[in-house]
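Notes for the one structure printed next.
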Amino acid sequence: MSPQTETKASVGFKAGVKDYKLTYYTPDYETKDTDILAAFRVTPQPGVPPEEAGAAVAAESSTGTWTTVWTDGLTSLDRYKGRCYGLEPVAGEENQYIAYVAYPLDLFEEGSVTNMFTSIVGNVFGFKALRALRLEDLRIPPAYSKTFQGPPHGIQVERDKLNKYGRPLLGCTIKPKLGLSAKNYGRAVYECLRGGLDFTKDDENVNSQPFMRWRDRFLFCAEALYKAVAETGEIKGHYLNATAGTCEEMIKRAVFARELGVPIVMHDYLTGGFTANTSLAHYCRDNGLLLHIHXXXXXXXXXXKNHGMHFRVLAKALRMSGGDHVHAGTVVGKLEGERDITLGFVDLLRDDFIEKDRSRGIYFTQDWVSLPGVLPVASGGIHVWHMPALTEIFGDDSVLQFGGGTLGHPWGNAPGAVANRVAVEACVQARNEGRDLAREGNXIIREAS
């Protein structure tokens, strides 16, 4: 019997509310290699001690409930409880702490991102002892990450499939995102790919609306794709959005895409759901499709500074659930991103091993062992003059996506695509020759044009 069950049996069962910190705050706990570790930014209500707030998070996201229940005596809580093992005040913030919580591996179902999130962030966010709570980072132990398939193909396999090396890949979201007929939509796809882009993309809201049903769009885009491939001699792709109202319909669209022979499909991973995403990722690996992930609705969870969860947590979850590309902010352009922090989670997506580095927002050393990498996608308000900065920041293993930055070209879509391709090749060449992109960027672009 564990010490806990013993005391309970001998003293008799006492109901009533008790402080979480008596059971769940364990500052001398040594974390195990198999524990899932979480860093929460906790803002306790006035009068609630930080230890109690941290312990409350550990309790409510693992075995605890608001009172002592007699069924606690039927299990070994010491084996299954989450533990708040560290607290540190956040510099420059009043009454804000980083609480470190360790969860035993047995609390989680293998291969289920859905269950991991339900457990860790399922019901702690409405907790009344806390004014605000934000999940900043997770450490996923290899013992858990090995139960996931991960990205369908990963960076290296994708480059081999596309036969494109040594430069960032170029994409473009087809605009206007809603209202074009399938035929005109296909025409825009053809012009962009013909001009020199590697990919074009369905906007995340394009599913199957009255003005353009999914099957028509898939057909016309495939036609555009093959025409552009035949004329340029390069392998190209269009992210066909398979997101749908049911998982069955989503898989049906992915199957149709595979039958057309296209290389890549797309999914909105937050609105579609983790479960649907993992199913689609498995289908994609089994059938040789690349999978582009759009994180629509990310800002709902990730935008507030002290509540919700940081994007790097969603990025880690996505690498486990599966996706070959994921949108990751830009550092420049219209969507926000601080440079070091963005680079932090870009590395989490691409690299096998990432050292703890608080200046980049990385709270734990993360070892992905052999899980394939994900290509970060920079998109949102970027255009050709951002190219030197983007090449420097994101490096070769990335997809740079210009929507309005291609289609907004005064001469039309194809010249816009040409401009982007010329710019990226000029930047890569200049970088390889040892020139300073940050300083000479504009000059490099001018020379190229």
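Every residue, even glycine, has its Cβ placed from backbone N, Cα and C.
Going by what Swiss-Prot states, the substrate site holds Asn123, Thr173, Lys177, Unk295, Ser379, and the candidate of His327, His409 recorded there is His327.
Spacing of Lys177 (substrate binding site) relative to Asp203 (Mg(2+) binding site) is 6 Å (Cα to Cα, whole number). For the binding-site residues given as Asp203, Glu204, the lowest number of other CB atoms within 10 Å of the residue's CB is seen at Asp203. Spatial neighbours are here defined as Cα atoms within 10 angstroms of one another, and by that definition the neighbours of His294 (active site, proton acceptor) among the recorded positions Asn123, Thr173, Lys175, Asp203, Glu204, His327 are Asp203, Glu204, His327. Neighbour count (other Cβ atoms within 10 Å of the Cβ, all protein chains): 24 for Thr173 (substrate binding site). Look at His294 (active site, proton acceptor): DSSP puts it in a strand.
Same-chain neighbours of the Mg(2+) site beyond Lys201, Asp203, Glu204, judged by a C-beta within 8 angstroms of the site's C-beta center, are, in sequence order, Thr173, Ile174, Lys177, Asp202, Asn205, Val206, Tyr239, Asn241, Met266, His294.
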